[in-house]
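Below: one structure, written as structure tokens.
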Amino acid sequence: MKIKDWNRSLKVRLVGEFFMNTSFWMVFPFLAIYFAEEFGKGLAGMLLIISQIFSVAANLFGGYFADRFGRKRMLVSAAVAQGFAFLLFALANSPWLTSPELSFVAFTLAGMCGSLYWPASQAMIADVIPEKYRSDVFAVFYTTLNIAVVIGPLFGAVLFFSYRFELLLTVAIISVLLGLLLRFYTEETLSAEVLEKWKEGNATGWRGALLTQVKDYGIILKDRVFLLFVIAGILGAQTFMQLDLVIPVYLKETIDRQTILDFLGREWSVTGETSFGILLAENGLIVALLTVVITRWMTKFPEKWVFFFSALLFGLSMAIFPMTSWFWIFFVAMAVFTFAELMVVGLQQSFISKLAPESMRGQYFAAASLRYTIGRMIAPISIPMTAWFGFGWTFIILGSFAVLSGFVYLWMFHLYDKRTVANI
């Protein structure tokens, strides 16, 4: 399905979200450094964990609100609110005021607004795109996000430290403009029947709404197929989240200075730090260039085996890293790692939309994100594991988690196929 054939709302979002994501990634990668300098590493770490907890809660509420009030209303409200949060962030770093405490509050609010935005954005795609094309569309949005992730920090490395107030003010303006763009140039995609169903519900007041939400998420987690999907995702996250955890630490300790190319009498050498930068660029370049191509290729195969072999390749990439200290082997391992990532990036989002009833799509997407949020909380344990077991065993254990996730996916599809046959 070509972009020109998309619903107008998705075209508007694709452009607007690219600029929003690019500006966001000019700020986000440098916040850990900023808060560590202002509060100290220990307190900064605790504050970032607290911020993450608020974002998880907001994400779950975002799913409920997207199903209850509609996709468009949530997207507009979250984008504008995020703009005001960044405006507060800018004020806390302005010529008139310098307040790290207010900066943390503003950052937390901005993160919560982003978490409110995400479930509605995913559900909107599932609302308007036929099932057979959803993987392609999710892949295109993923590609633009990763281009933003590559471009944003390049500018942010200069702007965040030298022109922080101006940068944060710009991000605030872009967020509000995105909200206005969504307000006037997108349409509501949640069906009128579903909205009417919510209006006829029995929940009254905020207590009733909260009880209804808890009940709905309870129903979702009783879905054994979906629960296995989340469990497999948490296991797999222990591998792919090592890109900015154990992998850079290993490279730094393994490569002192190594010649990677000798051409016409000139040598090119890398250190552990520069080698990680090259591998990160490799990952970003492959994602930017090949996400849509690989996603379309993978749709030709059964989802069960795509999920399974993606998990095996993640495990293989982890096994390759400790085998050597040669940079080019690391380069190959990163290619395997990235290919495994791209095999499932569109298919998994499409699979969630197939599991979710139309009236609960937002909540399903929100609950599915638990595989990342819980995985992100557990993944840093890999760092002390290197002290307990050494790098070799740490990589083997991480790779084993990935392989185990593959077998969980097989069990999940066994139950899914049984359910599908029973519903025929």
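Keep in mind that glycine also has a Cβ here, set from the backbone N, Cα and C atoms.
What you are looking at is a predicted structure, and each value in this text was computed from that prediction instead of being measured.
Among the features that Swiss-Prot reports, transmembrane segment is placed at 15-35 (among others).
The feature transmembrane segment is assigned by Swiss-Prot to 42-62 (among others). Among residues of the same chain six or more beyond the transmembrane segment (42-62), those with a C-beta under 8 A of the stretch's C-beta atoms are 31-32, 35-36, 74, 78, 104, 107-108, 111-120, 213, 217, 362-363, 366-367, 369-370, 373, 376-377.
Nonlocal intrachain contacts for the transmembrane segment (74-94), taken as residues 6+ away from its ends with a CB within less than 8 angstroms of a stretch CB, comprise 13, 20, 62, 65-66, 100, 102-103, 105-107, 109-110, 113-114, 116-117, 119-121, 124, 164-165, 168-169, 171-180, 182-183, 186, 362. What Swiss-Prot lists as transmembrane segment is 74-94 (among others), and the listing cites sequence analysis.
Taken from Swiss-Prot, the feature transmembrane segment applies to 105-125 (among others).
Annotation source Swiss-Prot lists transmembrane segment at 141-161 (among others), citing sequence analysis. Distant neighbours of the transmembrane segment (141-161): 14, 17-18, 21-30, 34, 125, 167, 281, 284-285, 287-288, 291-292, 345-346; these residues of the same chain sit at least 6 beyond its ends, with a Cβ under 8 Å from one of its Cβ atoms.
Annotated transmembrane segment per Swiss-Prot: 165-185 (among others), in sequence order.
According to Swiss-Prot, the transmembrane segment annotation covers 227-247 (among others).
The annotation transmembrane segment is assigned in Swiss-Prot to 274-294 (among others).
Residues or ranges marked as transmembrane segment in Swiss-Prot: 305-325 (among others).
Annotation comment: Swiss-Prot describes 327-347 (among others) as transmembrane segment, evidence class sequence analysis.
Remote same-chain residues near the transmembrane segment (367-389) are listed as 49, 52, 55-56, 59-60, 63, 118-119, 217, 220-221, 226, 229-234, 236-238, 241-242, 245-246, 249-250, 352, 397-398 (criterion: CB distance under 8 Å, separation of at least six residues from the stretch ends). Taken from Swiss-Prot, the feature transmembrane segment applies to 367-389 (among others).
Remote same-chain residues near the transmembrane segment (393-415) are listed as 224-225, 228-229, 231-233, 235-236, 238-239, 242, 246, 250, 303-304, 307-312, 314-319, 321-322, 382, 385-386 (criterion: CB distance under 8 Å, separation of at least six residues from the stretch ends). Annotation source Swiss-Prot lists transmembrane segment at 393-415 (among others), citing sequence analysis.
By the Cβ criterion (under 8 Å, sequence separation of 6 or more), the transmembrane segment (274-294) is not in contact with the transmembrane segment (15-35), since fewer than 3 such pairs are found.
When Cβ-Cβ distances below 8 Å are used as the criterion, the transmembrane segment (327-347) is approached by residues 134-139, 142, 240, 243, 251, 255, 258, 260, 270, 275, 278-279, 282-283, 286-287, 290-291, 294-295, 298-299, 303, 306-307, 309-311, 313-314, 316-317, 320-321 of the same chain, each at least six residues removed from its ends. The transmembrane segment (105-125) shares the most Cβ pairs under 8 Å with 15-35, out of the stretches 15-35, 165-185, 227-247, 305-325. Within its own chain, the transmembrane segment (305-325) has Cβ neighbours under 8 Å at 232, 236, 239-240, 242, 247, 250, 254-255, 258, 298, 332-334, 336-337, 339-341, 343-344, 347-348, 391-392, 395-396, 398-400, 402-403, 405-407, 409-410, 413, counting only residues six or more beyond its boundaries. Among residues of the same chain six or more beyond the transmembrane segment (227-247), those with a C-beta under 8 A of the stretch's C-beta atoms are 221, 276, 279-280, 283, 307, 311, 314-315, 317-318, 321, 337, 340-341, 348, 351-352, 355, 367-368, 370-372, 374-376, 378-380, 382-383, 385-386, 391, 394-395, 398-399, 401-402, 404-406, 408-409, 411-412, 415.
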